[in-house]
Amino acid sequence: MKVCKFGGTSVASAEQIMKVAGIISSDRSRRIVVVSAPGKRYPEDRKVTDMLIRLADAALDNKDTEPLLAEVVGRFSLIAEGLGIGGEFVSTVEEDLRSRLAADRPHAGRFMDLMKAAGEDNNARLIAAYLNQIGIEAVYKSPKEAGLIVEGPAGDGMADTESYVRLSKLKEETRVIVFPGFFGYTKDGVLCTFGRGGSDITGAILAASTGADMYENFTDVDGVFAANPNVVDNPALIGKMTYREMRELAYNGFTVLHDESLMPAFNHSVPVNIKNTNNPAAPGTLIVKERECKTQPVIGIAADSGFSTLYVDKYLMNREMGFGRRLLGILEDEQISFEHTPTGIDNMSVIIRNKFLTPEKEERILKRCFDELKVDDAHISSDYSMIVLVGETMRYSKGLAARAAMALAGSGTNIEMINQGSSEVSIVFGVKKEDEKKALRAVYNEFFVPAHAHTF
Ligand code: ASP
């Protein structure tokens, strides 16, 4: 039995949904189908989820919601029309949106979640209706009815462990289940979404709880590429990789999969296959627990911008017990999580994602460094990028960091920081943002284009 998840571009239009139906009917083991909200049809298009966020914002600001509501309804109406689904469906979408807008709003975040989830919820109903219309027996399943309980802050929920037991019952259903991705309900029955891109998580949870043989994640590319195809020309397609490798790449900038979504599949050993809705015959990328990897120590290279460095310097820092703890404590007080902490004898840097910083937070942090930690110098510099080499067998291979450093030097990139994680699944090079693209190309060529490789 397979659980399939179709991302936003796979369900963005009537034509795409017809392809989805073809994929489902070509393999009857595809029994549970998780769907995203309609995504972009072309690069400048707007995702339904983004439209819904604007709609919710307008409602929260007491602005006119009618044009934004009409935009969402219009998008569903176009798809329904293309699929030959009657106008009543469009009226139910409109009614659904109006009732969400009219709901009590004791908490802005929860209201936002309720609105955001409308994209997946209505799309799942639409796709179930279409499958039935073309003779594939299908049923829409609500996360509430199925028992997907989500805990945590609005917009960033996590499924509770008991959900897995309740959701395992889904495998008893004989019809194709169409399940909206991205959200569940708290124990008190309040809707809560996962983070953006969270339909991947729903798919992985259903695959894990039903003990599926495979979790197929359909997107709009043939699989996972070894580097960003917008930067590197024709990067290699990764045939097979481990969960840990995929998580490292996703966390560090690969957008093909939500970085947390693999955990449920990993915990229950369900293999994941990333496939292309527009080219379903291609084998895609398989993600498994272990792989044989004798020849290719680096499986992929991620590059991501948007990092800052907090640098502190204090003479005789090496003698001061607890300095690092107190510095990280200041960040914890500001609810900032950190990425790396390279240290010297008398100095320490903390690499932070820019999204956690605001000018006010920066000011408070620096003030506390001077006032409480009595540092000689403290400053925050932004505009860093991280180039991350990922591969399970890097730990057995000699000279990889040297080769990457040579490649970076050859491209004229200054290395600001190096961090080899203790897991040795990744080696991170911090570079200036303006060098990111050339650095990525240079490191990619070093490891994937034999003519460029250095030997030691
Ligand atoms: N529609 C949601 C988003 O755009 C969730 C998803 O597509 O996975 O983030």
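The first residue you see is number 1, and the count goes up from there.
Cβ coordinates come from backbone N, Cα and C, glycine included.
Taken from TrEMBL, the feature ATP binding site covers K5, F6, G7, G8, T219, D220. Among the features that TrEMBL reports, substrate binding site is placed at T49, E120. Here TrEMBL flags 2-276 as domain 'Aspartate/glutamate/uridylate kinase'. According to TrEMBL, the feature domain 'Aspartokinase ACT' maps to 387-447.
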Cα-to-Cα gap, K5 (ATP binding site) vs T49 (substrate binding site), nearest whole Å:
17
Extent of the ATP binding site in Å [max Cα distance among K5, F6, G7, G8, T219, D220]:
12
According to DSSP, which of helix, strand or coil covers G8 (ATP binding site)?
helix
Listed binding-site residues with Cβ under 6 Å from ligand 1, out of F6, T49, T219
T49
Cβ-Cβ under 8 Å from G8 (ATP binding site), same chain, 6 or more residues apart: which ones?
S36, A37, P38, G39, K40, K47, V48, T49
Quick tally, other C-beta within 10 angstroms, E120, D220; top of the binding-site residues is E120
Please list, in sequence order, every residue of the chain apart from K5, F6, G7, G8, T219, D220 whose Cβ lies within 8 Å of the Cβ centroid of the ATP site.
T9, S10, V11, S36, G39, S199, N217, F218, T277
Please report how many Å separate the Cα atom of F6 (ATP binding site) from that of E120 (substrate binding site), as a whole number.
11
The domain 'Aspartokinase ACT' (387-447) - residue tally per DSSP class, helix then strand then coil
31 helix, 15 strand, 15 coil
Spatially, and counting Cα to Cα, which of the binding-site residues is closest to E120 (substrate binding site)? Options: G7, T219, D220.
G7
Quick note, G7 (ATP binding site): same-chain residues at least 6 apart with CB under 8 Å of its CB -> S36, G39, S199, D200, N217, F218, T219, D220
T219 (ATP binding site), DSSP three-state class -> strand
Just to confirm my parser: what is the rounded mean pLDDT across the domain 'Aspartokinase ACT' (387-447)?
92
Most Cβ neighbours inside 10 Å, all chains, among the binding-site residues K5, F6, T49, T219:
F6
